[in-house]
Every structure is written in C-alpha cells, then in structure tokens.
Amino acid sequence: MPATRVTVALNAKQSQKAPLLIPASTSLSSIQEVVFKTAKTKLRLKKPTRIFVGGSGQELLSEEDWARHVCDDITLLVSAGEEFVGVRKEGKQHVDSNAECPVYILAQKAPVDELSVTQVETTAHTLPGIIHAVGQPDLHPGTKFPIGAVFVSRKWVHPPLIGSDIGCGMAWYHTKLSRSQVDGDKGKKIAEKLRGLEGSWRKQADREQWLLDRAGSCSAGEQWDSALGTIGAGNHFAEIQVVESSSIPPGSEVELKQDEVILLVHSGSRGYGSILKKYTSGSHISLEEGSQQMQEYMEEHDKACRWAKANRNLIAVRFLSCLEPGEEAWELGRNTPQTGFCDADAISYAKSKIAERQVVDILHNNVQRVKWPPAPPPPSAASMPALEVGLSNVALEPGETAVVEHVYIHRKGAAPTYDPGTNLPLALLPLPGSRATPTIILKPQFTVASSWGLKNALSLAHGAGRSMSRAKALSSLSQKYRNQNLLEPGSGTGTWVICDEKDLVFEEAPDAYKDVYAVSDDLVREGVAEVVGWCQTRVSYKVRNEAR
Ligand SMILES: Nc1nc2c(ncn2[C@@H]2O[C@H](COP(=O)(O)O)[C@@H](O)[C@H]2O)c(=O)[nH]1
Ligand SMILES: [Mn+2]
C-alpha cells in the first residue's frame, strides 16, 4: 500500500496548513499521533486534542472513523479543543453560497482571536445567501458561530447566527436618584435595598396583561412567562450607573445629563428564546424565504423579541420599586406574600410610566429585515436635526436611483444603528465594558466613509467582548484573586456587586473582557460612531440567593 497524502491544517486558522505523507506502515491507532505531531511542529499548535475532516466536519474519534475517512487529498483540521469551524457539508457547496462574500473586520486596536475571524469568514463563504459580513471590534469566538458579528443575507435566514437568547439587549432608564445617593459607600446601602427581585413576578393573569402590546399578546404560556421580570443567569445584569460625562446638547430628544443616575438592564427572552433551539440544530440551519418554516420561525422570533423588551421594562419596574419607594407606578413591582391580581389599569399605568423613563432599548441578538443598500439622506436633510434625518435609499447622484431590495441582518452580539420601522438612526447606544469599567455612550454615524452604514452593516459593537473564555477566566482569575473580595469596590473601581454565584464572579470579572476604549476607538476610526459621554457603574446586580 502506498503512503497516504493529506493536508494538516489548524481548525482555528485554516489558511495555516502543512502537507503530510502518512507512511503505509502506520497503524490506525497511531495515525492520530502522527497528525498531532505535525500540528505541533509545523503549525505550532501547543495542545492538539481533536481532529476533524475538512468540509464534512466529521470528528475522527475511533479507529473505525480513521479507516472510513482517511484517504488521499483530504484536509485534517486539528483543534485545541474548540468545535469544528465551518459549516458541515454533506455534499457540494450550497448553490446560494458566496465564496466571494466581502468580510470586514473593524478591529485594529481591539485584539481579535484568529478563531473568531475564521468563524466569520467560513460562515460568510459557506452559508447560503450571505452578501456581507462584519466582525465588530468586540468580536470573539462562539461555540460554532462568532459573537460580535453581523451577517447580511439575501433570501435566507439562519437561526443559529442569532442563537437561543433571542431578543437579548440593553435598555437604559432615567431614575430619580442623585449621584450623592449612590457614590462611594452609599452604593452599599443602595445594593442592600435591591431585594425581592428573584423568582416569579405575581400571577400568570398579570404577566399576560404585561405581555400585551400594540401587536397583541406575546405571552409564551405559563412555563416561560413565569420568568418574566427576572434577569437570568450568565452575564445578564442590571446596573445603577452615573453619567460621568455627556456632551449631548441639552434639550435633545434623547438625552443623558452629566451626573444623572440611570439604570442599565441587560437581559433577553429567558427560557422562551431557547424553545427555538428546534431551529438551531440539525438540518434546520438555513431557512429559505417564503418557506413555511421560515415564516413560523420569524413569527416566533418576533414574539420572543417583544417578550424580551417587555421583560427589560418589568425588570426596570421591579428595580425602581426598591429604589423609589412611594412612587405609585412601581408599587406593582413588589411581590408581597398577599399579592393578588392587579387591575389592568395599574399595569397600563406602570407600562406608560416606565416607557417615559426609557432612554433607549436595543436588541443585540436578532434578525431584522431592512432595505438595502443604505443610502444617503436626501439633500434637504442636511439642515435637519440629526434625529429627523432618515436613511432613505434615494438618489445616490442626481438622477441615479439605488436598486433597493430587502435583506436580513443577523446580529449575534451587535447593536443596531437604525430603526427600520421609522427609517431613522438611533440617537444613542450603550457600549458597556464590564461591571467595573466604563459604559461608553455612542452616537451612530452615517457618512461616506462607511457608505452610509453599509460597511458596518448598520450595526455597532454591543460591548467590549470577551478576551478570555469563561473557562479560562474561572481558572485563572479565581487564582489571581484568591484572597480578594471582588464584590466590593477595589481602589478606583467604585462598583458594589451582588452576585451570589461564586463562579460567575470570576467568569464575569473585568479582566475577562477587552479594553472598551480600544473598541470605541476602532468604531470612531471607522467613522461609524461618535463618543458622546460615558457612565460608571455604582451597583451591579447579577444574582441574589434570597435564602441567605
Ligand atoms: N456594565 C457591564 N457590562 C458587562 C458586564 N458583563 C459583561 N458586560 C459587557 O456587556 C457585553 C454583553 O455581552 P453579551 O454577549 O452577553 O450580550 C459584554 O461584551 C461586555 O463587554 C457587567 O457586569 N456590567
Ligand atoms: Mn446579551
């Protein structure tokens, strides 16, 4: 038997490869060793642990797998433990995939992991219908698909690119607190007041009332609605922040004033979004426009996004019931042992009052149907205040009309810059760093430099993005901070943290995230955002074990 000629490549960076001739005398049990040795010596992969077949993504685990799959000219992708990067192909490339799809990585200052860039590229070049892909400066690797990425597609929707926390996002609310009530040690008192925020809110009839909006009901049934008004695990949080600096002109339609105390809520659709896992695994990876499945998915997706927005508003009401006692509108935020049903008027009143307090609410995990390409506002808009300037797909040059179509913008950890419902740019967006680093106030920009938002796919970074995986943060930071209390403000950080889950304290430590200023600098350099201020967190609420 002649030797077998294969290519060994890095799973995380598939352009790095080396040829390998596997001698015919090599037994099946030792081929793996030979491949690992090539990855170590030729490709400098320190700890190879898994091998996949390029294209199919088949993992080679047993001698039988090797016997069945290894043949001349195949590529073996070696991984340091991460999942296969790429879309598993059963046969040929999908007829609608686009090997030439442009990919923009908007990061220079912010560090990006090679694996995440490979994930953006392989997704853009293999999934059907993708016409434009962007890695924002907060880009980091996900299990299969990247986070901090945007994919624009024509005629296809890909649920896995959004993930299961559909509708996750961030909302800011004004409060009536003053900075002297939250600065320094006062933050501890405020943290103590945040009680009764875990567990179900009231009865199902009240939840259903809360979940009624202009489009009808977005109730998901008692099983999922019982989580309404709760933040949830992971890196979801609600924070009391102070606006340390703001250059937003006084009287602007959307305003954050210097020294103001605000509430930032980060949560999503809780368990409800996860029911859509049926669309994110197996053969449902891509749904074609017009199909029954895509229609069903989009209906459920839109409902989950409305549920998530209602959830953030209710979380805010529950927080304000602790922070602004005596304020009638927030009374129903409290769960008392006798809590009965509220009347519908009380719920409508609280909903209208919290809407008045809302500064902005954005979704960073969703798919949005928008007109494409974005085009400059009409010349008459030059003198309009920024918020009234729509992006209008009008003449590019006098007499020339853009060919307008609709596309799907998939965001997994990316903030929108524009509201397709109103055709208007969003006025402000939060760019949170971590619980102890600033949250930057961004104003999206639409200029020639970004082809009116085309380059950044009408999106911005949604945070600083992880610089360390959860597992790495847990192992290294629990060592680094072994004898320190991370829940109290260290020198200069000023954040009181409520987090009764020990591992989460380390997984979410500020060191696990990139430098948020590197991220905002990249956005400014690309001409897609302006920095108009920043906030600092005083109290960060993640999870409280009420039984303690
Ligand atoms: N202000 C805070 N920001 C935080 C915290 N934990 C994470 N973050 C930042 O938010 C985004 C959220 O990411 P997502 O992918 O989970 O939606 C993340 O990139 C961080 O930069 C926190 O406790 N407080
Ligand atoms: Mn999120």
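From the backbone N, Cα and C atoms, a Cβ is placed for every residue, glycine too.
The annotation active site, GMP-histidine intermediate is assigned in TrEMBL to HIS462. Annotation for HIS462 (active site, GMP-histidine intermediate): same-chain Cβ neighbours under 8 Å, separated by at least 6 residues, are GLN136, ASP138, GLY148, MET170, HIS364, ARG411, GLY413, ALA414, ALA415, LEU431.
Taken from TrEMBL, the feature Mn(2+) 1 binding site covers ASP165, HIS236. In three-state terms derived from DSSP, HIS236 (Mn(2+) 1 binding site) belongs to neither a helical nor a strand segment and is classed as coil.
According to TrEMBL, the GMP binding site annotation covers ASN235, HIS236, PHE237, ALA238, GLU239, HIS462, GLY463, ALA464, GLY465.
The 10 Å shell around the Cβ of HIS266 (Mn(2+) 2 binding site) contains 23 further Cβ atoms across the protein chains shown. The Mn(2+) 2 binding site annotation in TrEMBL covers HIS266.
For ligand 1, the binding-site residues lying close by, meaning a CB under 6 A from one of its atoms, are ASN235, PHE237, GLY465; the full candidate list was ASP165, ASN235, HIS236, PHE237, GLY465. Taking every pair among ASN235, HIS236, PHE237, ALA238, GLU239, HIS462, GLY463, ALA464, GLY465, the residues recorded as binding GMP, the greatest CA to CA distance is 18 Å. The distance from the Cα of HIS236 (Mn(2+) 1 binding site) to the Cα of HIS266 (Mn(2+) 2 binding site) comes to 5 Å. In sequence order, GLY268, SER269, GLY273, SER274, ASN365 make up the list of same-chain residues 6 or more apart from ASP165 (Mn(2+) 1 binding site) whose Cβ falls under 8 Å from its Cβ. Secondary structure from DSSP puts HIS266 (Mn(2+) 2 binding site) in a beta strand. For ASN235 (GMP binding site), the same-chain residues that are 6 or more apart in sequence and have a Cβ closer than 8 Å to its Cβ are HIS266, GLU507, GLU508.
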